[in-house]
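See below for the structure under consideration.
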């Protein structure tokens with residue numbers, strides 16, 4: 001594990017070739033020795049954080065069922081390391097994601113979200129949730145989205161910026177996967193809590209929120225109206241004059257989708273006095 005954590009280019013391939021993986025995976029079974037489980041899980045996490053081939057090597061060594069088992073360990077450092085490893089594996093792509101989902105990652109993962117969880121651990125759990133939502137070819141199973149959304153509805157009220165940013169990015173990935181997923185996000189009741197984040201003091205939160213609401217308004221006119229009903233347009237004078245050009249660009253993209261809607265939606269943009277501001281951006 002120290003070797004893997006050492007320099008910028010840890011010798012991952014050499015270690016895999018040496019046949020160490022089955023030994024490390026066997027160490028995950030040693031409930032009598034939690035510190036050995038922890039060290040082995042850490043080493044495997046580092047290997048799984050490498051290239052796609054390196055991640056696959058960990059998966060093929062049958063580590064995933066054992067990591068899932070470790071989510072129930074009485075030792076929090078072991079649980080947390082297993083969460084981290086699973087996050088790296090899920091992040092590899094839709095196939096790994098769906099394999100880990102099929103083996104039952106979602107319920108134990110979400111069970112960690114409680115007021116007593118240490119903030120560093122909760123950040124880790126939220127990061128894994130982002131990875132569960134990230135890929136859209138294909139998107140995660142509908143049942144998984146239904147399980148994750150209530151947790152996102154809780155986490156969107158969190159005061160920690162890292163957790164908030166990840167929660168909102170998770171929503172932006174879900175809403176990027178099509179109208180059916182957009183509808184699930186709307187039905188969860190989270191949109192009225194998402195829209196105010198367009199004026200959050202942290203640019204990272206604003207950026208993620210703008211992307212998420214921007215994805216929702218690519219849906220049907222009815223779905224777009226849900227965002228407008230939350231007074232979304234009131235946030236746009238500030239977004240169109242934001243010092244960051246990237247935010248101006250995303251704000252204009254959002255408005256272009258509103259103006260592609262019905263007559264009443266076009267009128268709402270005009271009534272919010274946003275047209276002169278859009279024209280002013282053309283001069284920049």
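Placement of Cβ uses the backbone N, Cα and C atoms for every residue, glycine included.
Unlike curated entries, TrEMBL annotations are predicted automatically.
Summarising the annotation, TrEMBL assigns repeat 'ARM' to 19-63 (among others). Within the chain carrying the repeat 'ARM' (19-63), a Cβ under 8 angstroms from the stretch's Cβ atoms is held by residues 1, 4-5, 10, 12-13, 69-70, 73, 75, 77-78, 81-82, 84-85, 88-89, 92-93, 96, 99, all 6 or more beyond its ends.
Residues or ranges marked as repeat 'ARM' in TrEMBL: 62-89 (among others).
The repeat 'ARM' feature in TrEMBL is assigned to 189-227 (among others). Same-chain neighbours of the repeat 'ARM' (189-227): 149, 152-153, 156-157, 161, 164-165, 168-169, 171-172, 175-176, 179, 182-183, 235, 238-239, 242, 244, 246-247, 250-251, 253-254, 257-258, 261-262, 265, counting only residues six or more beyond its ends whose CB sits under 8 Å from a CB of the stretch.
Counted with DSSP, the repeat 'ARM' (62-89) comes out as 21 helix, 0 strand, 7 coil. Secondary structure of the repeat 'ARM' (189-227), assigned with DSSP and counted as helix (H, G, I), strand (E, B) and coil, comes to 30 helix, 0 strand, 9 coil.
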